[in-house]
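K.L.:
Below you will find the structure I want to go over with you.
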Amino acid sequence: MSDVQVHQLYIHGRYVEATSGKTFNSINPANGEIIATLQQASEQDIEAAVKSAQQGQKIWAAMTAMERSRILRRAVDILRERNDELARLETLDTGKAYSETSTVDIVTGADVLEYYAGLATAIQGEQVPLRESSFFYTRREPLGVVAGIGAWNYPIQIALWKSAPALAAGNAMIFKPSETTPLTALKLAEIYTEAGLPDGVFNVVQGAGREIGQWLTEHPVIEKISFTGGVETGKKVMASAAGSTLKEVTMELGGKSPLIICEDADLNRAADIAVMANFFSSGQVCTNGTRVFVPKSRLADFEKAVVERVKRILIGDPMAEDTNFGPLTSFPHMEKVLSFIESGKQQGAKVLIGGGRATEGELAKGAYVLPTVFSDCTDQMAIVQEEIFGPVMSILGYETEEEVIQRANDTTFGLAAGVVTQDISRAHRIIHQIEAGICWINTWGESPAEMPVGGYKQSGVGRENGLTTLGHYTRIKSIQVELGDYQGIF
């Protein structure tokens, strides 16, 4: 324990001692070892972070957009220079394979920051003539202090997705990382400071989600909450934000996304996409296509192709460069996923491969769950209806296009969806009827910085990434100007 580093809060450009006197540990899910101890924020610390953010935001907003853009671009450069170091830390904290964190997590987060750094100078109002002597113009002004609440599956990427548009628009952000995977958010704060961000513009307060989340969502100074996490928690955050000061919210919540394989699909391509849509990041992706609909006439061939590919997955030490499937991010989450797998068996689904915990050799020390594929599934099963957030694929047979569209939409979620077909007209016809915010045709999973992402129904409110998101970190002020005489009416 003496060798374990203790991490403080990051407020006003430096590490500061938390006042709560409480700490919690970050656990390496590959072996159960403690990798860091973190101090937990108190309500007093939240107040300090808010005051700091208010001070820093005034300085930041007073800078020109070009100055803000240059600082954010410097942060991008530092992120890319330190990519491998950050990826190793992310792997230690999350259990995700280094082959993934080194090529995706930091890379895509930096891409989003670069995108919004470029848009900082494009924030502008408009001027509209009303008559010869009068016109009005608009200004897009920053909201002020905003808060981001992150999830545990993509810690640094989520921190960047939330902070990039907020900072580009001239706001300050207080960020609360998941207590399960808090380490890289602190590194990001260091990088922002190194790049020249004024003190207080990006503060990190870690600790128990329920307490800190409530303090942030109810704080009268904070103007917006951007939250990523589960549906039930999201509802509470949204209600609290509305009940306090009518804060604007962005909610990126859960999913149970359908992947529809059409009868004309190339089965090799379809199987590749299905495996990617279920087992990337050990299945811990909110957009996973966990309900895989396949024509009954092609079920046997598709199932065979999927099993062949799952057998090629390399489970192991996430730091090993050839590993492409690591442990789940925590031991409690592993138990939750295993309970879903058992319920699938009990409800009559057939295990084609996997179906339990990986216990061979050193894997027994970690939170490893075997990539699992179920067939003979029905729409009423828990594994088909509920978000598992783990490496569990459910294959469902169907007969007609109308049937599969109805079944795909028969869910409270609406985050993502996909179609695999060689008929592009059919692809668009199906996708246009699917109730989901992020859709893919003949591919799965890519979320470029330019593309807005978010859900329908209970999968979320608002969008992240893309041009539309930037506007939600500003407010519009309208100003009418009269150049002529003013005629009173009283």
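The backbone N, Cα and C atoms fix where each Cβ goes, and this holds for glycine too.
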K.L.:
Taking GLY196, GLY243, GLY254, GLY366 as the options, which does Swiss-Prot list with GLY150, ALA151, TRP152, LYS176, PRO177, SER178, GLU179, GLY230, VAL231, GLU232, THR233, CYS286, GLU387 at the NAD(+) site?
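P.N.:
Checking GLY196, GLY243, GLY254, GLY366 against Swiss-Prot: the NAD(+) site match is GLY254.
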K.L.:
Check Swiss-Prot for me: it has SER26, ILE27 binding K(+) 1, so pick out which one of ASP77, ASP84, ASP93 it puts in that same site.
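P.N.:
Within the candidate list, Swiss-Prot flags ASP93.
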K.L.:
DSSP secondary structure for VAL231 (NAD(+) binding site), reduced to helix/strand/coil, please.
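P.N.:
In three-state terms, VAL231 (NAD(+) binding site) counts as helix.
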K.L.:
Can you tell me the CA-to-CA distance separating ASP93 (K(+) 1 binding site) and LEU246 (K(+) 2 binding site), as a whole number of Å?
P.N.:
35
K.L.:
Let me make sure I understand the structure: which of the binding-site residues listed (SER26, THR233) has the fewest other Cβ atoms within 10 A of its Cβ?
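P.N.:
Taking SER26, THR233 as the binding-site residues, the minimal 10 Å Cβ count falls on THR233.
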K.L.:
Would you kindly give the Cα-Cα distance separating LYS162 (active site, charge relay system) and TRP152 (NAD(+) binding site), rounded to the nearest Å?
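P.N.:
Taking the Cα atoms only, TRP152 (NAD(+) binding site) lies 14 Å from LYS162 (active site, charge relay system).
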K.L.:
Please tell me which one of the recorded positions listed here (SER26, GLU248, LYS457) sits closest to PRO177 (NAD(+) binding site), measuring Cα to Cα?
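P.N.:
Result: the closest of the recorded positions to PRO177 (NAD(+) binding site) is SER26.
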K.L.:
Would you count the other CB atoms within 10 A of the CB of GLU179 (NAD(+) binding site), including those on all shown protein chains?
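P.N.:
Looking across every protein chain shown, the total is 17.
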